[in-house]
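Asks: Annotated signal peptide per TrEMBL: 1-21, in sequence order. Residues or ranges marked as domain 'Peptidase A1' in TrEMBL: 73-429. Per TrEMBL, the feature active site maps to ASP91, ASP308. The region 'Disordered' annotation in TrEMBL covers 103-124. Under the heading compositional bias 'Low complexity', TrEMBL lists 109-124.
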Amino acid sequence: MAPPLCMLIFLLFFSFPFSSSFILNNNHSLSFPLTLTETPLVKHVSNSINKNQRLRILSSYNVKSSFKYSMALVVSLPIGTPPQIQQMVLDTGSQLSWIQCNPKQRTNSKTTSPRPPTTSFDPSLSSSFSLLPCTHPACKPPVPDFTLPTSCDQNRICHYSYFYADGTYAEGKLVREKLALSNSQSTPPLILGCAQDSKDPWGILGMNRGRLSFPSQAQVTKFSYCVPTRQDRSSSVTGSFYLGDNPDSSRFRYVDMLTFPQSQTMPNLDPLAFTVPMQGIRIGATKLNIPPSVFKPDAGGSGQTMVDSGSELTYLVDAAYNRVREEVVRLVGPRIKKGYVYGNAADMCFDGNAVEIGRLIGDMAFEFEKGVEIVIPKERVLADVGGGVHCLGIGRSERLGAASNIIGNIHQQNQWVEFDLANHRLGFGEADCARLPK
């Protein structure tokens, strides 16, 4: 984990394995109640059906749901038989889904004050729960398809461990368990982590392109979410989420994902991330002098640009961050809060009237291929980070030991973001996410 950011604890990325999820403290309790449409998300498909037929069948199943958003997208999922509700961060930047199986009370790593007890999953109450033996292929996976370090205990049960950038970790057993979507429908048993040692209050719902992610195991070929704006970090708002087709997708604009061979092993590349062809950044009417090559992986994988729901902030490599900062300094340099760095990565921060400063900076846009853009209007180009301070919402990734560009959820607000796995593309569509029908 990264150092605590005010009252926020980030679960950072570019560790082993890759994860960029962050966890909120108990002041920001969020929920994600699943509400089924008439069709189930997934059903057991006979192995005699070929892959293309299976994709067509599953794409016709849809789940519409809503979530409360403050700084993260936290889902409340019914897991096991009978279902036990588990809170998990929706994370497009990691693969393995894991739940809390450790009932002990946790403490805040900054204040050491006790957290309210977190409801943990009790395996003894579920008839569909099973442990994964060491002989299972997932316990000895090929690299780089699954980079989770595993080991065997004396009972030949498979264990996993997540190590993060600041030395913290999550450790537990690999298990198989169902996710119940209604009284009569559930996913097949999925491989999950059952965390027995973790300082994090919630689990992770891994949504990347890995073979053990939730979409891969549940055979979900498309999902999308709409993150609403918030007035400040103490408030929460309701957004929308779809598994399956989105009724608004006809107005989305799509970019093709960049994909990489599984055999391609570059030290700074995550081949399972949702990598997009970013072209540049614009502030106001000024297109910044950043070569497009800065946003694409080099020979070592540095420069990859990914869309990540599990990261609050956006992060840029130095070559891009420096150009952004130069322009901000040119526009509002005297107003920058001297000596202040948010989260050890973001130093374009301000005291004073955020709306006034935002007008001086102007709109900001991330530009992709095919003319697709994510535009952040000047009214919300600055983000509240607490204590009366507002920041541009962009951090320097190399200060975190990362070598990639990450578009975080703060710059996905008021956008439908659709992950079309079957067609290897991402879609974007502007929306007032707080006012969508629930």
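The backbone N, Cα and C atoms fix where each Cβ goes, glycine too.
Just so you know, TrEMBL annotations are computer predictions that nobody has curated.
What you see is a predicted model, and the numbers here were worked out from it, not measured in a lab.
I'd like to know what surrounds each of these features in this structure.
Replies: All chains included, 28 other C-beta atoms sit within 10 angstroms of the C-beta of ASP308 (active site).
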Asks: Please work out the mean pLDDT for the residues of the domain 'Peptidase A1' (73-429).
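Replies: Mean pLDDT, the domain 'Peptidase A1' (73-429): 87.
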Asks: Measure from the CA atom of ASP91 (active site) to the CA atom of ASP308 (active site) and give the result in Å, rounded to a whole number.
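Replies: So the alpha carbons of ASP308 (active site) and ASP91 (active site) sit roughly 7 Å from each other.
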Asks: When you measure from the Cβ of ASP91 (active site), how many other Cβ atoms are you left with inside 10 Å?
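Replies: That number is 29.
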